[in-house]
Amino acid sequence: MLYFLYKILNINILNYITVRAGIAFFAAFFLTAFFMPRFIAWAKNKHANQPIYELAPQSHKAKNKTPTMGGIVFITATLLSSLLCSNLTNTFVIGGILCLFGFSFIGFKDDYGKIAGHSNHAGMSPRKKFMYQIGLSFALSIILFLFANLSGEFFIPFYKYALFNLQFFAIFFWMLVITASSNSVNLTDGLDGLASIPSIFALVSLGIFVYLCGHSVFSAYLFLPKVVGVGELCVVIFALIGAILGFLWYNCYPAQVFMGDSGSLSVGAFIGYTGVVSKNEILLIIIGFVFVIETLSVILQVGSFKIRKKRIFLMAPIHHHFELKGWNENKIIVRFWIIALIANIIALTTLKLR
């Protein structure tokens, strides 16, 4: 809407992506901060509480009365702010909005099933949820390849030129990146605020890359891939950052609400989507280092048990391992935040070191 006001009324300041991204950030933050306590009160009244996994550390038993599905509020705030501030004719923006909405809907169906069944196992089956994720990721990849004309060029960190062009096979690569990113954030979302700050760090880094890749002068100077029109996605990125900050106000320890799958699946998928459109699919390993470690811990744990009948960790994902080792929850959370910050600083150095 604001972008079209610039077109109609010739309000030049609204032409700037940075201005509209700033407005979207504050709009999403205040919308989330205003509606979240009302959602918490409603959820408590409806007993929409987070079912606790029976094998979870004992400290988690006290959280069984905490409302979940807070992701509905901050994703809705993100979508409203994006609709208000972004150029809705931009294909990258349309794809980003569809990504947030679609994965949040998948997460909502899973959350609702768990709440209705009063069990952590009562949601969608892992196979069904995975198929939905793959299907939506494939659709988004088709949009990027056919309608956004996104190149299939493959880049790696610290090297300025594309290694090769995946051509049509880029669709399947992007599909895997978006799906993997969605699940990795979902696995990380196990402690109060643990997924929120690393997500914000990742989105800030990706927002910088997206803006620079969409800018003809900066992309040429820094030897970044030029992606025409992708800079507009910054509006959606910073709307989501503002919304997550608004959510964190109520999710910091001790949490008053959890984001649930309706939040974590959506945030993770959008991080993957943003990495794809900025041609940073491999750099996502550094940008989302905490998410990668959490996911690897689960893969190693399951693989080790199936092959060796032995577990590597006391419990996976790895943040539960540290809980069972006696670490305080706050210590785990803050240390993971520090790791995420360092990883993203390293990722940003690739802007010049290439």
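Using N, Cα and C of the backbone, Cβ positions are placed for all residues, glycine too.
Annotation source Swiss-Prot lists transmembrane segment at 23-43, 66-86, 88-108, 138-158, 161-181, 193-213, 227-247, 257-277, 282-302, 331-351.
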Mind pulling out the one from 23-43, 138-158, 161-181, 257-277, 282-302 with the most Cβ pairs under 8 angstroms to the transmembrane segment (331-351)?
282-302
Proximity of the transmembrane segment (138-158) to the transmembrane segment (88-108), 3+ C-beta pairs under 8 angstroms:
yes
If I count Cβ-Cβ pairs under 8 A between the transmembrane segment (88-108) and each of 161-181, 257-277, 282-302, which range comes out on top?
257-277
Using a Cβ distance cut-off of under 8 Å, indicate which of 23-43, 66-86, 227-247, 257-277 has the most pairs with the transmembrane segment (161-181).
257-277
Excluding the flanking five residues on each side, which residues at least 6 beyond the ends of the transmembrane segment (257-277) place their CB within less than 8 Å of a CB in that stretch?
36, 39-40, 43, 50, 66-72, 74-75, 92, 95-96, 99-108, 110-111, 123, 133, 136-137, 140-141, 144, 148, 150, 174, 177-186, 188-189, 195-196, 199, 202-203, 206-207, 210, 227, 230, 233, 236-237, 240, 244, 247, 250-251, 283-284, 287-288, 291
Does the transmembrane segment (282-302) come close to the transmembrane segment (66-86), meaning at least 3 CB pairs under 8 Å for residues 6 or more apart?
no
